[in-house]
Amino acid sequence: MIEKAGILIEALPYIRRFYGKTVVIKYGGNAMVAEELKESFAKDIVLMKYIGINPVVVHGGGPQIGRMLKRIGKESDFCAGMRVTDADTMDIVEMVLAGKINKEIVSLINRHGGHAVGLSGKDGNLIEARKLHVYRYKGDDQPPEIIDIGLVGEVNRVNVSILDTLAGGNLIPVIAPVGVGEQGETYNINADLVAGHIAGALQAAKLVLMTDVEGVLDGGGNLISSLTVAEAADALQDETLKGGMIPKVQCAIDALQSGVDKVHIVDGRVPHAILLEIFTDAGVGTEIVRYRRGQSVG
């Protein structure tokens, strides 16, 4: 009993610090598949709301999209961690993300006592998007090659008034990462990047990115517990990071530069990873910050 009391006392300063603040959580990976992890995620979100924090959930769905594409005999191709998306693939992406996964998450949270509302970026023009251009650099003396990866977008603008209205109504937004272009075209947007832009637009206290590894790993596979923006940018430049970790770290950098206080990349395979990150001294995963305490900013 004393140990349990100690846990509550440890959480108290964090509850005070984040009361009334916004925390954006990117939900994805194994935490969306294993039943125990799904339950712990939903409980974490509901508890945050009950103690006065405003959680905003942005979800992925890459594996589920991949399985659906495979069922219809369509191959999945990736470039720089992004899914190459033609018109047929976009239809599947939207169906799986906005029509299936989003509603499952809403139902899961509501079943545990929350009041979640599902949205895609097309609802109320929540996420205005433009086509994403990917560049492949060949060398110092050559112009970069522009790679067309189809209907893959990047966030142009987030209409935060919708999210403010939901938060004011004691509701928990659950957002599918589908955006809308100027001509009404639909874009598939990486969920990490959507979460980062939303966190920046809301000036969130924290952005938490859930993944299927311990956090950011170095070249030897060891966990890096803390990175500054400059160190994270170096890791991107020297190709220490691979695959899906690339957009996560880029998202963290963008969010911090947009005013988010701190970003955490956490192991979603750990039950209650969100609560451990926010309400304990040790935390989990990798934290990314603008500068370390005491570091000169120039």
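Glycine is treated like the rest: Cβ placed from N, Cα and C.
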With G61, G62, N188 listed by Swiss-Prot as substrate-binding, which of these, R83, R157, is given for the same site?
R83
Where's the emptiest Cβ shell within 10 Å among the recorded positions K26, R83, K248?
R83
What does DSSP assign G61 (substrate binding site), in three states?
coil
DSSP three-state call for K248 (site 'Transition state stabilizer'): helix, strand or coil?
helix
